[in-house]
Amino acid sequence: MKDKLKIGLLGLGTVGSGVPTILKEHQEKIAQVTGMEIVIAKALVRDEDEKKRQAEKFDIQLTTDIDEIINDDEIKIIVELIGKVEPARTFITKALENGKHIVTANKDLLAQHGSELVALAQKNHCDLYYEASVAGGIPILRTIANSLAADNIQKVLGIVNGTTNYMLTQMVTAKKSYEQALKEAQELGFAESNPTNDVDGIDAAYKMVILSQFAFGMNISLDQVDTHGIRGLSLDDVEMAAHLGYEVKLIGSSEYNNGSIAVEVGPMLVAKTHPIASVRNEFNAVFLESSGVGESMYYGPGAGAKPTATSVVSDLITIAKNIRLGTTGHMFNSYSHDTEITEDKNINGKYYFSIEVPDKHGQILRLTQIMTEADVSFEQLVQQKSDGTRARIVAITHTITKEQMKRVASEIKKADGFKLLTIFKVLEDK
Ligand code: HSE
């Protein structure tokens, strides 16, 4: 008979109910690798009646009182799956103060209060693991912290929001409307309870904050991520991108440059030949450029009950092993570096501009003048058929700085009769 390792589960929603499923389905293997039987002793829910059937199925005791879990001496690990900052932050703080180890999938919390919670875990010699907070079922944090510990990462590109990737795929391949695609992502359980965080890029920005900590050891705040979402994305741009050989993807990017990093989230044009362009639907991928390994990509489901619960249970297994070996209290990510943000004049990239102009002669000349004054040149230039009064011009620049891009944008906005519709960063395949 193996020793029992009792855990408390906070939340029995999509991922919450995936955890007992994985623990049950993979029971034998988990018991063999940990030397223990991991048992969910109690689960915190809002409404016991609503979750009664699930509780009976997995033989879990339900409670609506957090203290029943935090003050239970037999419970060694707390798995927090309620999401959002409060009350999760308060619950985890109290639990760490009570010497409980923590597993959480809460990216909102980790991105905004990670340093404080890591310090508290250290102070109380507790483990704090959060693999499931980034890219659901892809073991990317553990890969960066452990498998790539010897490497020097220069760039992280991620499709780290399943909802928007699902929406973009459906809008392009099945010609679904933005609203229809969002509704489906919600029904499939990928979207956040408030999908604003998905479509406005905030969920992806949280994940890029966490990835930047692991890849570069830098603690950036959310407002240091230049964040744009897909709300209002025009199908004209998506079609034009396809015509020019690109896919539009919501990309999170964190790039190292001489002691600093630039972190951005936004719709970008990705060359169809780039490995990340082929990532469809709710799938996520993290593409790394590093000096040792070179290019590597980690691909898998970024949301959903079983994939995310698998990451949660892997964290439980890590803690179980640490308890057995007496090695708890070490940080998930121990790499740390001074935090510095790259200035716009040192951020390089190609940019796609879509501009509406009056349909009369001399407009491309005016645009060329604006570009030339900012020392920017075109790589591609397309004028689309107009309705007789307004025309749309699409330009892709050669590599320029973000400072130049902003200068051009500001001049186009000021130019009489010009309307700046879109700016996307362009990612080429090397
Ligand atoms: N709403 C998130 C997504 C869930 O769509 O990726 C996983 O964090």
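Note: Cβ is positioned from N, Cα and C throughout, glycine not excepted.
A TrEMBL annotation is a machine prediction, not a hand-curated record.
What TrEMBL lists as NADPH binding site is Lys107. Taken from TrEMBL, the feature L-homoserine binding site covers Glu192. Positions annotated as active site, proton donor by TrEMBL: Lys207. Annotation comment: TrEMBL describes 352-426 as domain 'ACT'.
The residue listed as 'L-homoserine binding site' has a Cβ environment of 20 other Cβ atoms inside 10 Å. Following the DSSP three-state reduction, the secondary structure of the residue listed as 'NADPH binding site' is helix. For the recorded site, Glu192 (L-homoserine binding site), the DSSP three-state label reads coil. The predicted model assigns the domain 'ACT' (352-426) a mean pLDDT of 94. Reported as a whole number, the C-alpha separation between Glu192 (L-homoserine binding site) and Lys207 (active site, proton donor) equals 14 Å.
Contacts of the residue listed as 'active site, proton donor' defined by a Cβ separation under 8 A and a same-chain sequence distance of 6+ are given as Lys107, Ala111, Ser133, Val134, Ala135, Gly158, Val160, Asn161, Gly252, in order along the sequence.
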